[in-house]
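So that you can see what the record holds, here are the features copied from TrEMBL:
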type	residues	note
DOMAIN	A:5-238	domain 'PABS'
BINDING	A:Gln34, A:Glu109, A:Asp140, A:Gly141, A:Pro165	S-methyl-5'-thioadenosine binding site
BINDING	A:His65, A:Asp89, A:Asp158, A:Ser159, A:Thr160, A:Asp161	spermidine binding site
ACT_SITE	A:Asp158	active site, proton acceptor
Number of protein chains: 2
Amino acid sequence: MVPAELWFTERQNDNLTIGLRIRKILHSEQTEYQTLDVVETVQYGNLLVLDGCVMTTDKDEFVYHEMIAHVPMHTHPNPKKVLVVGGGDGGAIREVVKHPSVEKAVLAEIDERVIENAKRYFPQIAQGFSDPRVEIQVTDGIRHVQEHPGEYDVILVDSTDPVGPAAGLFARDFYQAVYNALKEDGLFVAQTESPFVNQDLVRGVFQDVKSVFPITELYLAYVPTYPTGMWSFTMGSKRYHPLRDRQPARTADTRYYTEAVHEAAFTLPRFVEELLKG
Amino acid sequence: MVPAELWFTERQNDNLTIGLRIRKILHSEQTEYQTLDVVETVQYGNLLVLDGCVMTTDKDEFVYHEMIAHVPMHTHPNPKKVLVVGGGDGGAIREVVKHPSVEKAVLAEIDERVIENAKRYFPQIAQGFSDPRVEIQVTDGIRHVQEHPGEYDVILVDSTDPVGPAAGLFARDFYQAVYNALKEDGLFVAQTESPFVNQDLVRGVFQDVKSVFPITELYLAYVPTYPTGMWSFTMGSKRYHPLRDRQPARTADTRYYTEAVHEAAFTLPRFVEELLKG
């Protein structure tokens, strides 16, 4: 008898899937906002799935979380107050609090169940929550941003894909609200999908951010469990430039980020450069 | 009635798959050396499959072929005679002949059926074959290298995965033979899989090449249809260094490669740097 095989298959779009062999399904629930599943995969360890989309895995989460956090944090000379919109797994804020200048790091996550399940099934990702400088707010990130003008040095938009609860995080109005929530020398970064398959979105977000912020730059990182493995992040900044104003590394506790990686991440393949031109 | 869906699924390893929706199966055969399939996918256009492994697709082939060719070609100040081992689809040699200094570009491909099917189903990849400087030899690349000492300026090892006919291309003896087939200032590059999932291979090849060549460097590119999307190339060089001796770009006819991309590709994430330390 051939033993049964258990596989998790994500439909990354209508025409593309990634499949991961799983040892077992650890948890499934319908939260107030989305479906939430946790499965144990052979390749990548535990996997968090929201509305059927891969969010993070034990084995490759370091890439995304280090790159969404350390690039903007090392662009700001003295980030004291930081906001993470979304990011309920805790990985981004874990990296944020590696910066000694941080006095307060607020997590504005709409779905408390993401936080609770991260603590249970991804303790090494959620470990940042225990830092005394971290404040967890279960709230709509859009409203939080609107209600805190001029308050933050750095804002990270660590969202799900631009469908469901995160759709409003990919709109020009939101980037304007983020601009307003930043101090006069503040900056922000958002995850902005793959330039190989989400070209309209990458271009649209870049143009929208550019229409709001004087400095707009896109950078890339290798995230194996996201579609195509090439992931983009878009930075909008009021004053500091990610290359000209880059700060010396404040932590050696990274597995992907280095000073050289920070610089190289902004070097774009020609087709991505051309995509951003318009 | 729900219409049937046709999918191509590659088992990238025991625990990981990529799935591509296909419009139709264009061709399937058993050659003397391997199984060969061509399918038309929605996401990536036509797809060439050897022994069940994704080799190349219409839509993303430019990344791999530009990066395996232009990085070594732009490291050599005056490449006249170039060898491609494998590479029967023609993509690597198409990029090689964009360099005006090239007088002769030899393709040593063991399986004539790969060449024939590339001409039929991937004409824009195979177009390099029609350049008068190109010489196609249907032969064992290992033997060709052994029989041509001191002959080449640049050698590209554009192989399949290290199983089946290509296994011998991932061995120290082969790198020594490549060294011998190069002129006194020659250099070579081989595709060397993904640092995320083929860590032992990446480390082993790097150490083997380093034991033969005075200059050994690894670089990376985003290849969406290869496992994890992060692909590595290992360069061994007798004299020229890929960064210190990099030449100005000799062609603007690229979609991935630029002078800045050449430089940035050698910047490695910390975990890859540490992998190479042994």
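Any Cβ shown, glycine's included, is placed from N, Cα and C.
Because TrEMBL annotations are produced automatically, they should be read as predictions rather than curated entries.
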Pairwise Cα distance for A:Thr160 (spermidine binding site)/A:Gln34 (S-methyl-5'-thioadenosine binding site) [Å, integer]: 11
Among A:Gln34, A:Glu109, A:Gly141, A:Pro165, which are recorded as binding-site residues, the nearest neighbour of A:His65 (spermidine binding site) by Cα: A:Glu109
Binding-site residues listed as A:Gly141, A:Pro165, least Cβ neighbours within 10 Å: A:Pro165
From binding-site residues A:Asp89, A:Asp158, A:Asp161, the one whose Cα lies nearest A:Gln34 (S-methyl-5'-thioadenosine binding site): A:Asp161
Integer mean pLDDT for the domain 'PABS' (A:5-238): 96
Shortest C-alpha distance to A:Asp158 (spermidine binding site) - which of the binding-site residues A:Glu109, A:Asp140, A:Pro165: A:Glu109
Other residues, Cβ within 8 Å of A:Gln34, A:Glu109, A:Asp140, A:Gly141, A:Pro165 Cβ centroid (S-methyl-5'-thioadenosine site): A:Tyr33, A:Gly86, A:Gly88, A:Ile110, A:Asp111, A:Ala166
From binding-site residues A:Asp89, A:Ser159, A:Asp161, the one whose Cα lies nearest A:Asp140 (S-methyl-5'-thioadenosine binding site): A:Ser159
Cα-Cα distance linking A:Pro165 (S-methyl-5'-thioadenosine binding site) and A:Ser159 (spermidine binding site), given in Å to the nearest integer: 9
